[in-house]
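Taken from TrEMBL as is:
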type	residues	note
DOMAIN	3-116	domain 'Glycosyltransferase 2-like'
TRANSMEM	218-243	transmembrane segment
DOMAIN	225-336	domain 'GtrA/DPMS transmembrane'
TRANSMEM	249-268	transmembrane segment
TRANSMEM	289-315	transmembrane segment
TRANSMEM	321-340	transmembrane segment
Amino acid sequence: MWILIPAYEPDTRLVALVRSLSVSWPVLVVDDGSGPAFTPVFDGAGEAGAVVLRHPRNLGKAAALRTGFAWAERHAPGHIVVCADSDGQHTARDIRAVGAEAVRRLAAGEPDAIVLGSRAFVGEVPLRSRVGNRATSALVRVAAGARIADTQTGLRAIPPGLLRWARGVPGERFAYELRVLLEATRRGIALVEVPIETVYLDGNASSHFRPLADSLRVLAPVATFAASSLVAFGVDTAALLVLHAATGNLAVALAGARVLSAGTNFALNRRAVFRSDGRVLPQLARYTVLAAALLVAGYAGVAGLTALGIPLLAAKVATDLVLFAISFAVQRAIVFAPRLRRTQTSHEAFPTHASGHDAEVSRAVHA
């Protein structure tokens, strides 16, 4: 097992962490273009026993992790990789605990899983971190149906069978780590949480997380789940108004609008949202049953609200807001349920995505 520590402009705490870990396990440090001023720190990490790779410029945490994964695949095949932060927020004891759980699972022949070091967020936690984690945890619960206590944790153990897949997960900088959780949940890869200590040093001042830019990046992957439904909502609403004006019949207008929007939604959800590789006809049959149920519920909701004197458009919006959550949950869990379940262990089944940083990552790996 190897410990992977991506680092950008670290202080001497990195050297202390490497020294405490290298007694038990080999350590790989990736210098993400920190610059000449930080050479003494990385030299110290090397002297403490770490293998140090260097990016020629700052490429972001995602690229640093991919560099480490690529190095491990080439130079340490078959080994678990435990990712940890360089700023001292992950104690050596907690890193060992996460690694030990991953080793136990691998030795027992259990299905591949990502082991997460999860903080409880109790005590004096910076407001930015507390609010950010609660928000992303809620979004992951809605988008992927997964209850993860700590979505922002950088302490993760990746088994060897998932390293290639992890390299191929799209996303840059801090958003990449959230995307890994979303993609893992979508593909049926188990997420195992191990409780760890909540440590924030100097009010988390050493963090390179940028509140506005990186929050938008974190939210961007989640937004893809809602985009298809929003497009279908637009089609449905426009068609409803046109058909109702043309026919004067609410039932006909609702049915026609729902057929048009359902076809749009099915195609987009299958390919763009859930990226399903299942058979089309069974999925279409399940989707049709769901659409029929939603049609009945939609008609009942709109008819009931308009009978109370609420305008048609307002009644439509209110009803669809409720049905949106129900529809998404059923599509995720039943209609487009992934064929690759938690028994998947071969990374060959997972597609990879080319990265714009591949050339520079390759140079770092061979440095």
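Using the three backbone atoms N, Cα and C, a Cβ is placed for every residue, glycine included.
For the domain 'GtrA/DPMS transmembrane' (225-336), the DSSP-based tally of helix, strand and coil residues reads 99 helix, 0 strand, 13 coil. Secondary structure of the domain 'Glycosyltransferase 2-like' (3-116) per DSSP, as helix, strand and coil residue counts: 52 helix, 21 strand, 41 coil.
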